[in-house]
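Visitor: Mind having a look at this structure? Questions to follow.
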Amino acid sequence: MSKDLFDAAFAAMQKTHSPYSQFPVGAAIRTSDGRIFSGCNIEVVSYPEGWCAETTALSHFVMGGGGTITEIAVVAEKKAKCTPCGGCRQRLAEFAGPETRLHLCDNNGIVETLTMREIFPYGFDAEVLGKGAA
Ligand code: THU
């Protein structure tokens with residue numbers, strides 16, 4: 001059922017621009033109305049200016065109209081079950097709920113599924129600012 005999400009993440013990974021790390025990553029996001037948005041990591045010669053596959057996928061999600069995220073898949077060619085970095089966990093949590101499923105993959109498909117709550121407990125949230133997302 002989530003095979004199409006894995007396929008989208010895997011296809012996105014083929015578009016990676018990662019000449020410095022040589023570590024291709026792909027990510028895909030599904031919304032509750034069935035749309036899929038994907039992305040790859042994009043590196044820059046000034047290293048800190050590069051960004052992750054999850055962030056590219058989130059950009060496509062927002063520009064595509066946003067919505068409710070129900071599932072996320074991440075695949076890295078050279079590492080099975082590559083987990084989103086800390087910054088991407090915070091970015092994903094901006095748009096995903098605690099029950100949103102996060103699929104960790106290898107090159108053949110989904111290996112393990114976690115929830116956002118499991119991968120990002122005690123994250124900083126907007127409650128402390130006295131406001132929800134605009
Ligand atoms: N990377 C991602 O795209 N997503 C992750 O979840 C972990 C790391 C990228 C960033 C960088 O381009 C490369 O992997 C090596 O750190």
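Don't overthink the numbers, they just go from 1 along the chain as shown.
Even glycines carry a Cβ here, placed using N, Cα and C.
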Visitor: Kindly point out which candidate in Cys52, Cys105 is recorded by TrEMBL as part of the Zn(2+) site with Cys85, Cys88.
Guide: Cys52
Visitor: Quick one: which of these recorded positions, Asn41, Val44, Ser46, Tyr47, Glu54, have their CA within 10 A of Cys85 (Zn(2+) binding site)?
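Guide: Of everything listed, what lies within 10 Å of Cys85 (Zn(2+) binding site) (Cα to Cα) is Glu54.
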Visitor: Find the one among the binding-site residues Glu43, Val44, Val45, Tyr47, Cys88 whose C-alpha lies closest to that of Glu54 (active site, proton donor).
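Guide: So, spelling it out, the nearest of the binding-site residues is Cys88.
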Visitor: Apart from Asn41, Ile42, Glu43, Val44, Val45, Ser46, Tyr47, which residues in this chain have a Cβ no more than 8 Å from the mean position of the Cβ atoms of those residues at the substrate site?
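Guide: For the substrate site the neighbour list reads His17, Tyr20, Glu49, Gly50, Trp51.
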Visitor: Whole-number Å distance between the CA of Val44 (substrate binding site) and the CA of Cys52 (Zn(2+) binding site)?
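Guide: Here the two Cα atoms lie 11 Å apart.
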